[in-house]
Each structure stands twice: as structure tokens, then as C-alpha cells.
Amino acid sequence: MTTYSLRLKAKNELTPHPTAQYWRKCQVEELFDLPFMDLVFRAAEIHRQHFDPNAIQLSTLLSIKTGGCAEDCEYCPQSARYDTGVEKQSMLDVNYIVEKAQIAKARGASRFCMGAAWRGPKPKDIETVSAIIKAVKSLGLETCGTFGMLEEGMAEDLKEAGLDYYNHNLDTDPERYHQVIHTRSHDDRMDTLGKVRSAGLKICCGGIVGMNETRAERAGLIASLANLDPQPESVPINQLVKVAGTPLENAEDLDWTEFVRTIAVARITMPKSYVRLSAGRSNMPEAMQALCFMAGANSIFYGDKLLTTENPEEDGDRVLMEKLNLYPLSCSNVE
């Protein structure tokens, strides 16, 4: 038997039984350790079984309430605990938000995502964002919100207002969560995700890589996402954007191949989820992004800003998509 045949046999043995939901961390590590070309090829094969490989879901993200967050996430420039130059801003006017949503739709976005820098919303905040959701939803866009940890009944209120997705990331490997965030726990995140799923909302849940974690810890993050039952409909994979003033401003750069591996492993372990290239894309060369799409990424944030960090300009994204013969999904084509 050839060396390549042995590799194929070994990687085929990694796949859980089709009815199994659980991925052991060691299994995910084995995927990460596959030869790069084998890993990307396998991910591309799985991607094509479930999606049109030339279709990209476009989302636009707007910060509707910026800065002053009580949390101490070491990666986040919106924390009130760090001097990052981000000015605290109150809730944006609903008419302004709707105008931004109209522009996003006209430019090809099928989903409008709204973020508010809260540890968790108060009941009056839910009333405010519910009105905003209804207004944006009336434009024919999918809606997604990221508003922090939810109390009982809040997810149901958001669902009634028309929210489609709730974003609540697991951030990093559960075993190192306390090293990155000290004001909440991994269990707190899981609690809100349970509330969101029980309310009938779709889940957008991913994490951040490049925070000085090991490959094994990246595998732990992917395993924790893949073992959510059911799996998230949308999985944003963020590359750390290092911001001066945050504890992670001097984090070691993540090798680009390791990021592509993360995308590929996310696609293999979550075959039916949309895998999104999220924060950090402005620092990714076009060839790297193309490899990510080959490895199973099929969603991007479209627009020049992600909350408070830079994102590639829309014109640049249009040119890249044309080069790669990719086309945007319309709202009617997104499940």
C-alpha cells in the first residue's frame, strides 16, 4: 500500500458514524494534523456535497451601540477597561439603522447583523432592539443580533420581533476560556445559547484564532462548536485583529496556513453550516482568501467596518469575487 493510500485510509477512519454528533478533541486534532493539501481537498469535497462552491452569503455588520462594555475580553477594543481610543456611543437612531440596512441590501447583502456592546441587555433594551429588528426585517433582509447574555424570555421577544439569527460566540477552547475572559464563563455562553435555541432562533456561533492558543486549543474550539446539538447554522471564524491598548495587542501572528486549516476543519466537522470569514480579513491576501473559499468558507462580512475594526472595501470584495467567479446568494437562496 502506498504512503498516500495509508493517509487516505487514516483520514477516512477519522469520520464519525453518520448518526454520531460528538467529535472528540483528539479526532479534531488529527484533522488539523493532516497534510495541508489532503485536508483542503477533503474539506472541499464535503463542501461540494452540501453547497454550491461558487456561492457566497454576504452579511453586513453594524454596531448599533458602541463601547463602554463591562466585560474584560482581552481581544476587544470595546471594553471599558482598556484605553483603545474607542468612544462610547449610545444607541443609534432607528431611521439611521434602516438607512444603513437599505444600503447594505442594495449592495448585495442578504443578512443585516446588528451588534451592541453590552454584557447583557436590559428589558428596555430588548424593546428598543425589537423595534429596530421589525424595521430592518420589513426590508426583506435576514436579521442577526449580538446583544450579549440573555435573561429568560428575551430570546422569545427577539424571535417575535422577527430576528432570524442570534450571534453568541464561544470565543476559544473551553479549557482556556478563563485565560482570555474573566468576567464570564464558558458555561454562561452555553446558557444563553440554550435560551436562543429553545426560542426557535437560528444560531450564529464561532470563535477567534490567533490569541496565542496552541493547535490543540484551536481543535478544542472547533470541537466545542461542532458538538452543539444541533450545530450552528452559521459559524464565523475570526482572526484576531490586534488593537493597541488591549491585553492581546502583542499576540504572536498566526501562520496563514493554520488559519486555512481552521476553516477546513470547521467545514469537515460542521458540513451543513455556513462558515464565515469574519474579522481579520483585511489583513488576508487574496490568495489566502481564495484558499479559504476552496476549504469550505462560504460567507463573508461585506462592508468597510466590522463593529470597530477595519474590513476590506466593498469594491475590493467585488473584484475578488469576480476573479474567483463567485456570486452572492440572495435572501431567497439562504436557508
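Cβ coordinates are placed from backbone N, Cα and C, and glycine is handled just like the others.
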[2Fe-2S] cluster binding, same site as CYS113, CYS144, CYS204 - Swiss-Prot member from ARG24, ARG276, ARG281, ARG318
ARG276
With ARG276 ([2Fe-2S] cluster binding site) as the reference Cα, tell me which of the binding-site residues CYS69, CYS73, CYS76 is the closest one.
CYS76
Rounded mean pLDDT within the domain 'Radical SAM core' (54-281) lands at 93
Row CYS76 ([4Fe-4S] cluster binding site), column other C-beta within 10 angstroms, all chains, value 25
Can you tell me the CA-to-CA distance separating CYS73 ([4Fe-4S] cluster binding site) and CYS144 ([2Fe-2S] cluster binding site), as a whole number of Å?
22
